[in-house]
Amino acid sequence: MLSSTLYAGWLLSLAAPALCVVQEKLSAVPSGWTLIEDASESDTITLSIALARQNLDQLESKLTTLATPGNPEYGKWLDQSDIESLFPTASDDAVLQWLKAAGITQVSRQGSLVNFATTVGTANKLFDTKFSYYRNGASQKLRTTQYSIPDHLTESIDLIAPTVFFGKEQNSALSSHAVKLPALPRRAATNSSCANLITPDCLVEMYNLGDYKPDASSGSRVGFGSFLNESANYADLAAYEQLFNIPPQNFSVELINRGVNDQNWATASLGEANLDVELIVAVSHPLPVVEFITGGSPPFVPNADEPTAADNQNEPYLQYYEYLLSKPNSHLPQVISNSYGDDEQTVPEYYARRVCNLIGLMGLRGITVLESSGDTGIGSACMSNDGTNKPQFTPTFPGTCPFITAVGGTQSYAPEVAWDGSSGGFSNYFSRPWYQSFAVDNYLNNHITKDTKKYYSQYTNFKGRGFPDVSAHSLTPYYEVVLTGKHYKSGGTSAASPVFAGIVGLLNDARLRAGKSTLGFLNPLLYSILAEGFTDITAGSSIGCNGINPQTGKPVPGGGIIPYAHWNATAGWDPVTGLGVPDFMKLKELVLSL
């Protein structure tokens, strides 16, 4: 056996000469997070190594080819095997040897992720770092502010997670503001009723669904993601269907990363997930619906009878999209709605780009990925977290990813106007994509004054990807939903996203029944031919950066104050409502003409 001195020297040799490349580094602990204590070397930690995918420099051009109408290859989506052939994952041989040399044996593969469990002491040496516990309110996470990898692995490894991604998980639902309603009979969509509460009949009228009847056997399916221990409730959906005379249908569930499908009203978190499934069914019934529940715990529990503080540290993004990409197209819905996001600046750029590329690969496979733009308007924190403490607008990720369709929010009824909480603006990570160049230029050149543009330019990146892309009703009046068997009102852009997902499901249904492909990556089509199928929203504006969180109505400690910060809804695309709200019948004619 090695002496303890020799063994310690061997461990240190893992870190010293080989670990010469800092892979990710934060200039400061993100705003709101406080160092509690260094983690004990004996604490367990589970980490994921994201292996690099090759040829991602060709992703955008391939998306352009397959998703641009008029191109001979339009709609000829790829399958799982095609993706692996065009964008292969780097070999894991060198990575596995590196882990084995460190004495790490609990290793598993999930798509392009290498998941492993070890002690904090080993991880500290392996990555030349120091893991510590940080707290933000009730949330405590095991994180570090930088880590390194061996020089010979830089071509194989994209990033290690969770390491420098602190985040501030938030869904976009206003479930905390949900208000109980008395039991009411079903009502037809009339001006008086829809001006008070939004029901399925109101959505039929507002978005011109007409008498369209989808076919459950067409192959069109709709999915939604649930995070933060959320799970939709079967009984509540049945009660919602009964309330609004919707023919009964259920939904299927797939569990990812130790997600839990909790159907107990007393213990489950239901507000966001119920809102998703009820509104999807309201719009797209009887099309099949699937819920993907992604847990926050690691892929496995590392040799422990009970979980430790490190067992609930993973963000869902990587595991969620890796799981979806691991399935063949025949096992996936063709449109997926998500209502979960972080301030873009809290997501390390390496991580954001990795996730965004995974979303782009989903688009190549004919799957439309939607994301609620957020409920914090032009921004809530409005202060840079890079140590400079500069006031700035706060875009929201993943809505800023150019390969996702971000759904903003409207309010009021007949006519709809921009909702002041609808998040939007311009990305600081992602440059403006090709498909929205004309639309954003039109906004910047014709619908914002030169003085305003000059003033805002110190707070935002006008060359960045503009979001949202589209919008749907969010709030005022609220949506009527069922929660724990009772009637509530709720809303937010996380209501807008499932509504839009239901409409995309109907459009896919129409195309599949006509022998055509699904819509897939939607944005190039939205900003060209389909723009005619939207009702432009030209009134209202978003707010923010005033020291108050638009979502909660509460003060933001240390938040930046930017006088006069707002975006106006204007003719054409704008950073509040995007291209506007959908007119299904117009959109159906347009997509069937392709």
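Using the three backbone atoms N, Cα and C, a Cβ is placed for every residue, glycine included.
The annotation active site, charge relay system is assigned in Swiss-Prot to GLU272, ASP276, SER494 on the grounds of similarity to another entry. Feature annotation from Swiss-Prot assigns Ca(2+) binding site to ASP536, ILE537, GLY572, ASP574; the stated evidence is similarity to another entry. Residues annotated as domain 'Peptidase S53' in Swiss-Prot: 197-594. As annotated by Swiss-Prot, N-linked glycosylation site applies to ASN191, ASN229, ASN250, ASN568, with the evidence given as sequence analysis. Look at Swiss-Prot and you will find 1-20 tagged as signal peptide, backed by sequence analysis.
Shown on the structure are the features that Swiss-Prot records.
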residue	record	CB count, 10 Å
ASN229	N-linked glycosylation site	16
ASN250	N-linked glycosylation site	13
GLU272	active site, charge relay system	29
ASP276	active site, charge relay system	32
SER494	active site, charge relay system	32
ASP536	Ca(2+) binding site	16
ILE537	Ca(2+) binding site	25
ASN568	N-linked glycosylation site	17
GLY572	Ca(2+) binding site	17
ASP574	Ca(2+) binding site	31
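The DSSP secondary structure for ASP276 (active site, charge relay system) is helix. The CA atom of GLY572 (Ca(2+) binding site) is located 23 Å away from the CA atom of SER494 (active site, charge relay system). Looking only at Cα atoms, ASP536 (Ca(2+) binding site) sits nearest to SER494 among the recorded positions ASN229, ASN250, GLU272, ASP276, SER494. Distance from the CA of ASP574 (Ca(2+) binding site) to the CA of ASN568 (N-linked glycosylation site) is 7 Å. Of all the recorded positions in the list ASN250, SER494, ILE537, the shortest Cα-Cα distance to GLU272 (active site, charge relay system) is found for SER494. In the three-state DSSP scheme, ASN250 (N-linked glycosylation site) falls into the coil class. Listed in chain order, the extra residues whose Cβ falls within 8 Å of the Cβ center of the Ca(2+) site residues ASP536, ILE537, GLY572, ASP574 are THR538, ALA569, THR570, ALA571, TRP573, THR577, GLY578, LEU579, GLY580. Among the recorded positions ASN229, ASN250, ASP276, ILE537, ASP574, the ones whose Cα sits within 10 Å of the Cα of SER494 (active site, charge relay system) are ASP276.
Look at ASP574 (Ca(2+) binding site): DSSP puts it in a strand. The DSSP secondary structure for SER494 (active site, charge relay system) is helix.
Taken residue by residue with DSSP, ASN568 (N-linked glycosylation site) is part of a strand. Across the domain 'Peptidase S53' (197-594), the model assigns an average pLDDT of 93. Distance between Cα atoms for ILE537 (Ca(2+) binding site) and ASN229 (N-linked glycosylation site): 35 Å, as a whole number. Taking Cα separation as the measure, ASN229 (N-linked glycosylation site) is nearest to ASP276 of the recorded positions ASN250, ASP276, ASP574.
Cα-Cα distance from ASP574 (Ca(2+) binding site) to ASP276 (active site, charge relay system): 25 Å (rounded to the nearest whole number). ASP276 (active site, charge relay system) sits 13 Å from ASN250 (N-linked glycosylation site), counting Cα to Cα.
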